[in-house]
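Report on one structure; see the data block that follows.
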């Protein structure tokens, strides 16, 4: 029985080729997977039915900013920022 010597260069090349093939397979699987959302016609009707209170509030804020009458309550801002900076 004759046992041939294993060439380490060939083994490394085969390993790298197998890695490349596996990476290509993973990349193609990721490209094929995607999430999808469908909104029902009823939900679309509800969205179009009436403007929300939020939209009205946004419009009021836009007007007050453009008029220069918008005032920022610095105490409220500080209260919201303080917990964030205490964590760090």
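All positions are counted from 1 along the displayed chain.
Cβ atoms here come from the backbone N, Cα and C positions, even for glycine.
As annotated by TrEMBL, region 'Disordered' applies to 1-55. According to TrEMBL, the feature compositional bias 'Polar residues' maps to 10-21. The annotation compositional bias 'Basic and acidic residues' is assigned in TrEMBL to 22-55. Residues or ranges marked as domain 'Anti-sigma-28 factor FlgM C-terminal' by TrEMBL: 35-82.
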The domain 'Anti-sigma-28 factor FlgM C-terminal' (35-82): DSSP-derived helix, strand, coil residue counts:
33 helix, 0 strand, 15 coil
What are the DSSP helix/strand/coil residue counts across the compositional bias 'Polar residues' (10-21)?
12 helix, 0 strand, 0 coil
Take the domain 'Anti-sigma-28 factor FlgM C-terminal' (35-82) and average the pLDDT across it for me.
88
